[in-house]
Amino acid sequence: MLSEVSPRGRMQILRWTTLGTLFCVVFAVSFNFLLFRDLGDPALSRALFGSAVVACLLAAPSFFYLSLKLRQLAKTNHRLNTIASIDGLTGCLTRRAFSTLVDDWLHGAGDPGNAKGDTNDKRPGTLLVIDADRFKSINDRFGHQCGDEALCVIAAAIRASMRIDDLVGRLGGEEFGVFLPGTVDAGEIAERIRRKVETASFSPQECPHQLTVSIGGASVSGGGTFNHIYRLADERLYEAKRGGRNRIAVGPATPTVPPLRLVSPNLASAT
């Protein structure tokens, strides 16, 4: 079991074992001194020495075992948290983890990629909802395994188009979400993602097949919730779908402002 613990973990186990044993020895010696101090030497010395030895023999292995088990429990919890927050197929965040981090950012609870606290409130951001075009036809024609490969290709293309602080999550099925914290040119990033997917190499059963996505996006200048901006971004996504697919529709989260549309220059090749 100890061989599976990292060097840093071993140092922590050693530290807690040493401190715990030392505490038990000090407590046992002090208690025996108060109890047998009237005996005088050499009986008192023998009593104190015996109590120290017994404390070491009992406390050291007990604290070592307890520290090792606690370390293993922490490692197991970390692994379970990772499994719960990462999509097993694409490596993206799960919808729950993604939406939680987006809400944390919008409410000023910290940067989306970490757990640091922040006193800022109602920060701006943009949510992009990305949906694979005609994905069902891939499953029907090539099978679900090739469909899974297509999702992995799309996820890789999305990640390759993002900035280091951006978030990507799989929202369900063939739908992905990208959150852009702060004030950015969301239309430019969405177009970069669209082009990256469009030019990605995908050859199921050695048959070249072009992948395309439609993207809807909504930007908030401050505040809001994930559910709110997701609903707006999803509406923009359907505008892009109705416009012919392989398009983006991104704009502010205000109904009076029409979304910015960037259309693929070679839309006719979209499948």
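Every residue number used here counts from 1 along the chain in the order it is shown.
Keep in mind that glycine also has a Cβ here, set from the backbone N, Cα and C atoms.
Long-range contacts of the transmembrane segment (12-35) within the same chain: residues 2, 5, 44, 47-48, 50-52, 54-56, 58-60, 62-64, 66-68, 71, each at least 6 residues beyond the stretch ends and with a Cβ under 8 Å from a Cβ of the stretch. Feature annotation from TrEMBL assigns transmembrane segment to 12-35 (among others).
The transmembrane segment annotation in TrEMBL covers 47-68 (among others).
Residue counts for the domain 'GGDEF' (123-253) by DSSP state, with H, G and I taken as helix and E and B as strand, are 59 helix, 35 strand, 37 coil. Under the heading domain 'GGDEF', TrEMBL lists 123-253.
Each residue in the domain 'GGDEF' (123-253) has a pLDDT score, and their mean in this model is 94.
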